[in-house]
Structure formats: structure tokens, C-alpha cells
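**Q** Just passing along the structure, written as C-alpha cells.
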Amino acid sequence: KESAAAKFRRQHMDAGSSSSGNSNYCNQMMKRRRMTHGRCKPVNTFVHESLDSVKAVCSQKNITCKNGQPNCYQSNSTMNITDCRETGSSKYPNCAYKTSQKQKYITVACEGNPYVPVHFDGSVFLPATPLPSLPAPHKHRLLWLEGNNSS
């Protein structure tokens with residue numbers, strides 16, 4: 001059986017290439033990477049960066065995954081990615097996709113030993129606030145009270 005890490009590489013890694021100027025990129029890649037077998041996968045993202053730099057995200061900014069799990073990580077810098085989104089006219093087995101190339105921060109879920117990406121959780125134009133560095137609650141209120149007492 002395909003491991004979660006291998007599945008991540010198959011579905012999301014396309015290092016050393018780019019979709020720029022190729023509106024057919026998603027149609028070709030979604031088929032080539034077996035995401036149109038049995039059904040059309042509605043949305044998928046390919047990352048055009050080295051596997052090492054995507055693996056490194058697992059030691060970058062820890063954030064909560066969309067499903068509430070705590071093992072997601074956001075990249076410290078933007079990455080060259082391609083979003084593939086099924087078009088309205090797409091009908092299995094003739095899956096059709098719109099190709100959009102972007103520079104965004106990516107979020108991946110990581111697990112295992114070695115700790116590697118196993119799920120692509122999303123991408124954003126603006127970085128998130130990491131989990132541990134959220135401000136401690138009530139701190140500003142305490143300071144305000146202390147400031148008042150000294151008057």
C-alpha cells in the first residue's frame with residue numbers, strides 16, 4: 001500500500017517545473033498522478049519546490065489544521081504552487097481543470113519518524129499567527145489594573 005508520505009509526494013510535489021504559460025498543466029498532471037481514477041478530485045495543489053524545502057516546513061511554524069488537529073505547519077516563506085480546480089463543465093471520466101499559478105505560504109500536516117508531510121492543508125497569501133506565540137490572556141488587563149493602582 002502507498003504510504004501517506006508517498007501519496008503526498010505523488011499528489012502534491014512537482015519540483016523543478018512550473019505551470020506558467022501552460023493552461024493544460026492541471027489536466028495533464030491530475031491524470032498523470034492518478035487523481036482522475038474512479039472520480040475527478042475536485043481541488044488539488046502542486047508545489048514547485050524541492051522535496052527538501054517542503055519537508056523543512058515540518059519544522060517551521062506550527063499551526064492548527066483545518067480539522068482541528070495540532071500537527072500542521074506553515075512555510076516561513078512563499079512557495080511557487082499551482083492550484084488545480086475542477087471546472088463547471090468537468091464530467092468524469094473527462095475531468096477538466098483550471099490551472100492557476102501562485103506564490104503562497106503553504107500549510108502541511110506532518111507525522112511519522114522521520115517527521116514528513118502527509119497532507120496538504122491549504123495555502124494563503126498572508127502568514128498565520130503561530131500557535132505558541134499567541135499573547136497570554138488577561139496580561140494587558142493586569143497591567144492596566146496595576147497602572148491604575150499606582151495613581
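Cβ from N, Cα, C; glycine included.
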**Q** Just to confirm what the record says: which one of ASN62, ASN76 has N-linked glycosylation site annotated in Swiss-Prot?
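**A** Among ASN62, ASN76, the residue Swiss-Prot annotates as N-linked glycosylation site is ASN62.
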**Q** According to Swiss-Prot, CYS110 takes part in a disulfide bond; indicate which of CYS58, CYS65, CYS72 is its partner.
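**A** Between CYS110 and the options CYS58, CYS65, CYS72, Swiss-Prot records the bond with CYS58.
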**Q** Candidates are CYS26, CYS40. Which one does Swiss-Prot pair with CYS84 through a disulfide bond?
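**A** Going by Swiss-Prot, CYS84 is disulfide-bonded to CYS26.
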**Q** Based on what Swiss-Prot records, which one of CYS40, CYS72 is disulphide-bonded to CYS65?
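**A** Among CYS40, CYS72, the cysteine that Swiss-Prot links to CYS65 by a disulfide bond is CYS72.
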**Q** Do any residues at least six apart in sequence from CYS95 (disulfide bond), in the same chain, have a Cβ closer than 8 Å to its Cβ, and if so which, in order?
**A** ASN27, MET30, LYS31, THR36, CYS40, LYS41, GLU86
**Q** At a 10 A cut-off on CB-CB distances, which of the recorded positions THR45, ASN62, THR129 has the highest count?
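**A** Counting every other Cβ within 10 Å of each candidate, the maximum falls on THR45.
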**Q** Using C-alpha positions only, work out which of the recorded positions LYS7, CYS26, CYS84 is nearest to HIS119 (active site, proton donor).
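**A** It is LYS7, whose Cα lies nearest.
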